[in-house]
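Only one structure is covered here, and it is reproduced in the block below.
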Amino acid sequence: MSADARNSTLAVAAAGETIIRNNNANTIRGTDGVDTLIGLGGDDTYYVTEGDTVVEQPNEGADRIIAGYSMTLPDDVEHLTMTGDANLSAVGNGLANSISGNAGNNRIAALAGADTLFGSKGDDTLLGGSGNDQLLGGEGADFLDGGADFDLAYGGLGNDTLIGGAGSDELSGEEGDDSIHGGDGFDSLFGGDGDDTLKGGSDNDSIGGGAGDDELHGNAGNDSLHGDDGNDVLIGGAGSDIMQGGAGRDLLNGGSANDRLSGEDGEDTIYGGLGADLIEGGNHDDLIHGDEGIDRLYGGAGNDTIAGGEGGDLLGGGLGRDKLSGGIGSDTLKGGWGNDTLNGNDGNDDMSGGADNDRLSGNAGMDTLSGDNGNDTLNGGSGNDFLNGGAGADLLNGGADADKIYGGAGSDTLSGGSGNDRLMGGQHNDALNGGAGNDSLIGGHGKDRLWGGTGNDTVSGGNHADVLHGNAGNDFIYGNRGNDSLNGGYGNDYLKGETGNDTLVGAAGSDTLYGGMGHDALYGGTDQAIDYFVFVTTSESVGKTADIIYDFQSGTDKITLSNIDADTSLDGNQGFNFNGASASEHHVWYETRGVNLLVHGDTNGDGKADFTITLANTSSVTADDFML
């Protein structure tokens with residue numbers, strides 16, 4: 001045995017020799033044989049061969065062993081560098097070790113302490129153990145397990161497997177197709193380049209896929225997942241997660257709880273899962289499913305397909321030609337810009353088409369449909385629905401049950417369908433059809449065409465020259481302003497022209513025709529039913545603007561004058577007497593004029609006509625033809 005107390009920094013042992021150095025930073029090199037190397041104090045470096053023994057003092061410098069064989073670090077030695085290309089293993093000693101592998105396939109276990117493990121080349125296994133460790137895989141397909149506590153792990157080149165274990169870890173696959181598992185703790189996982197699989201574990205994790213087609217799993221906890229580039233799969237799992245697909249064609253599934261999902265760039269497919277989710281499609285053609293819960297779903301740019309699923313959801317198409325389906329529950333659907341298709345499905349839904357030419361279907365439930373701008377098609381479906389066409393030439397159909405339908409601006413077509421419906425045309429030239437049921441139709445502004453359909457309908461023309469048909473049923477038809485055309489159709493109808501030069505046709509049934517102001521043409525119908533022609537004031541039929549009854553049937557039809565006061569000099573309402581062909585004060589008489597008959601009446605007592613009614617192609621009348 002030799003002892004050297006000099007300040008030399010290099011000592012080479014002979015075979016079987018024991019070298020004891022001083023407190024300086026020594027370099028001690030063993031040789032073939034079984035050597036014992038003792039460094040004492042200082043930062044010592046040992047070059048050892050198999051069989052050598054290294055002895056260090058506690059807390060005496062940061063020491064390193066350089067070896068080409070498998071070994072367990074001796075006590076009080078901090079660092080190990082493995083050489084050569086053999087497949088070696090190394091085990092730490094509980095200190096804060098730094099262990100570097102060689103070019104072979106190494107297995108390095110650090111035990112306790114804040115350790116740094118570097119795999120270098122080869123397919124390495126790095127085990128951090130307890131303590132806050134740093135693991136670097138280097139080249140090759142490496143397996144890295146941080147163990148307990150807070151660990152940093154970087155896979156490097158190759159297809160690596162990284163496991164965080166217990167503790168809040170930071171794991172990065174870097175290059176290659178990596179598999180990364182966070183385990184327990186609040187972990188940060190990043191895939192890097194390659195097609196990676198990342199799983200978060202039980203706590204609140206942050207996961208980024210990086211480049212490549214990645215698969216990200218949040219598992220339990222409130223996680224943040226970002227797919228980055230590539231066609232990625234993101235699954236939130238349990239917890240309220242935040243998920244962003246990034247570039248590429250991504251698949252996102254929020255899982256349970258209340259999640260926030262965004263497809264971002266690319267044609268994405270997004271499922272909210274359980275819970276009240278917020279989903280944004282992004283910039284391309286996306287497929288979005290809210291699933292269960294009260295969800296908020298926005299397509300963004302692109303031609304999107306959005307389904308609300310169960311719950312009262314909010315769906316917004318955004319830009320593009322979108323398809324929105326509310327699903328089960330009372331949903332709100334907004335088409336946005338583009339030619340959109342909206343389906344409310346079950347529940348009492350609120351739907352608006354937005355800009356451009358949209359198609360809205362309420363389906364079941366008491367729905368509210370608004371076309372907004374554009375030439376829209378609205379179908380209420382079953383339930384008591386409210387439809388508003390908005391601007392543009394719209395087509396509105398109430399469907400089953402009692403609906404309220406408003407055309408709005410534009411030349412619209414309104415159909416009530418079955419049920420007792422209320423239809424109003426709006427601002428332009430509209431067409432209204434009540435369909436089955438007892439309907440109320442109002443033309444509004446414009447030259448409108450109205451059909452009551454079957455049932456006992458109320459049909460009102462509005463402000464311009466309208467065409468009104470009662471169709472089957474006992475209908476009330478009002479021309480209002482303008483030169484209107486009224487046709488009662490089948491049934492016992494009431495027709496009132498009001499202002500304007502109107503044409504009233506009672507058609508089949510016992511009808512009541514009241515022309516109102518203007519030069520009106522009245523047709524009771526040629527059947528044998530009794531028609532009533534009503535006059536309320538003398539100003540309604542005077543001189544050249546006198547009304548004409550074209551198909552009066554003496555002995556069947558009635559001219560009703562009971563609302564006109566025969567003697568205006570007296571209080572109250574006095575009735576007329578019929579005086580045949582002779583004029584007389586406060587009487588009604590007739591005058592033959594060619595093939596027509598003129599019926600006159602005097603109200604002021606001068607024996608001259610204060611009103612006149614023309615009966616076309618009529619030769620005579622009797623007192624029984626009047627209700628005086």
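Cβ coordinates are placed from backbone N, Cα and C, and glycine is handled just like the others.
The region 'Disordered' annotation in TrEMBL covers 165-268 (among others).
Annotation source TrEMBL lists region 'Disordered' at 335-381 (among others).
The compositional bias 'Low complexity' annotation in TrEMBL covers 339-355. Beyond the ends of the compositional bias 'Low complexity' (339-355), by six or more residues, the same chain brings 312, 315, 317, 321-333, 361-374, 376, 381, 383, 390 to within a C-beta distance below 8 angstroms of the stretch.
Annotation source TrEMBL lists compositional bias 'Polar residues' at 370-379. Sequence-remote contacts of a segment are chain residues at least 6 beyond its ends whose Cβ falls under 8 Å from one of its Cβ atoms, and for the compositional bias 'Polar residues' (370-379) they are 335, 339, 351-362, 387-397, 399, 408, 410.
The region 'Disordered' feature in TrEMBL is assigned to 417-439 (among others). If you look at the region 'Disordered' (417-439), the same-chain residues 6 or more away from its ends with a CB under 8 A from one of its CBs are 380, 384, 389, 397-411, 445-459, 462, 473.
Across the region 'Disordered' (417-439), DSSP helix (H, G, I), strand (E, B) and coil residues number 0 helix, 6 strand, 17 coil. Taken through DSSP, the compositional bias 'Low complexity' (339-355) splits into 0 helix, 6 strand, 11 coil.
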